[in-house]
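The active site, acyl-ester intermediate feature in TrEMBL is assigned to Ser62. Taken from TrEMBL, the feature active site, proton acceptor covers Lys65. If you look up TrEMBL, you'll see Ser117 marked as active site. Per TrEMBL, the feature substrate binding site maps to Lys226. What TrEMBL lists as domain 'Peptidase S11 D-alanyl-D-alanine carboxypeptidase A N-terminal' is 26-256. The annotation transmembrane segment is assigned in TrEMBL to 363-380.
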Amino acid sequence: MRKTILLIIVLIAFYSLNATYVFGATTSGTPNIVSESAIVMEANTGKILFEKNANKQMYPASLTKIATAIYAIENGHLDDEVIVSSSVRSVEGTRVYLEVGEKVTLKKLIQGLLINSGNDAGVAIAEHLDGNVEQFSNNLSTYLKDVIGVQNTNFENPHGLYNKDHFTTAKDLAKITKYALQNDTFKEIFSTKQLDWIGDSWDTTLITHHKILKGEIPYEEVTGGKTGYINQSGFTLATTAENENLSLIVITLNNPTEETSYHDTIELLNYGFENYITESIEKGIIFTVGDKKFKSAKNLYYTSLLNEQISKKATKDGTLNFTTKEGNLVDTFQLESVKTTIQKEQNKKIDEVKSFSKNSMEILLYLGILFSIIVFYFWFKASIIINRSKHQ
């Protein structure tokens, strides 16, 4: 009997150890994660669904390449031919084995950067766009602040190799990814699982390093991803996923093992999908407030808890508020004013009066000028006649 009990305990312990990181397991309540810093953001609305130390400065490792990629797409020409320099060839870490003098299009470099995490591709991009890595890094950091709106990011290189002044936050990385996903070229490359690569010295098939994206760890909602690792950063992971209700961005930073980085990511994806929903108001929907009418100028997306009752109310100044039944504000948007038929008629009459007044003033002005010319003419003629009479 005691042997049987001992065997059961051992089996339970063994199962527990192996079930600790069961990929795809459902979560309940607040996620229990190992990552030092993490965030879950809804990609359409930017709403933060979960965060842990999301504003803490961290080393991103190769997640830097998400920023490099979108900067290159927006500031370069994808068909540009880039000539590889000797400094590109000497870069450390993961590469796509570019050769000195090799000619590669900018788009192919971005593919090598994101899919195979090529550090050499990152340096080639930097030198092509801004002359050197230092100037590129300055311009990239400025772009991230001015265009995307990050608040706590400074990049010293295009690839994420260690530099004590090279840092960002989980929140900033989520913002950068959200912005980048609006670009079709970025989205296509970020979601690529494999790509045939033909280079001067390396012919191969690039396969994404992201284990969920390539299907090694099953999670069918995942649509894109980027991995990262250096000693100082631990394991870092950026993942996008979507279903019929949500589009999610998950960032996890400084995990002690690769396994925990994926476990945490799936915990956070499950948490988002199980607890939240994003709904929309279609473009052109009319809202009436008293004698005023407003409409949505574009599709409006808002994220709330599943099964939560959300009320929509427009105000006289055209603000559309989404609130819970407890009165908590979920989101707010500015609507566009719609002119009613009566307003249009009134405005038409006002315009007609203004037009008539303008035309009348112009006519009076012309008549005044004409009258002045006639008076001057007769005065001039009279002066001539008087002068002639005096001389006679």
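Every residue, even glycine, has its Cβ placed from backbone N, Cα and C.
Heads up, TrEMBL stuff is auto-annotated, nobody curated it.
Structural mapping of features recorded in TrEMBL.
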residue: Ser62; record: active site, acyl-ester intermediate; CB count, 10 Å: 27
residue: Lys65; record: active site, proton acceptor; CB count, 10 Å: 27
residue: Ser117; record: active site; CB count, 10 Å: 26
residue: Lys226; record: substrate binding site; CB count, 10 Å: 29
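Listed by sequence, the residues of this chain that lie at least six past the ends of the transmembrane segment (363-380) yet keep a Cβ under 8 A from its Cβ atoms amount to none.
Rounded to a whole value, the Cα-Cα separation of Ser117 (active site) and Ser62 (active site, acyl-ester intermediate) is 7 Å. In this model, the domain 'Peptidase S11 D-alanyl-D-alanine carboxypeptidase A N-terminal' (26-256) carries an average pLDDT of 97. When the Cα atoms are compared, Ser62 (active site, acyl-ester intermediate) and Lys226 (substrate binding site) turn out to be 8 Å apart. Cα separation, Lys226 (substrate binding site) to Lys65 (active site, proton acceptor), rounded: 8 Å. DSSP assigns the residue listed as 'substrate binding site' to a strand segment in the three-state reduction.
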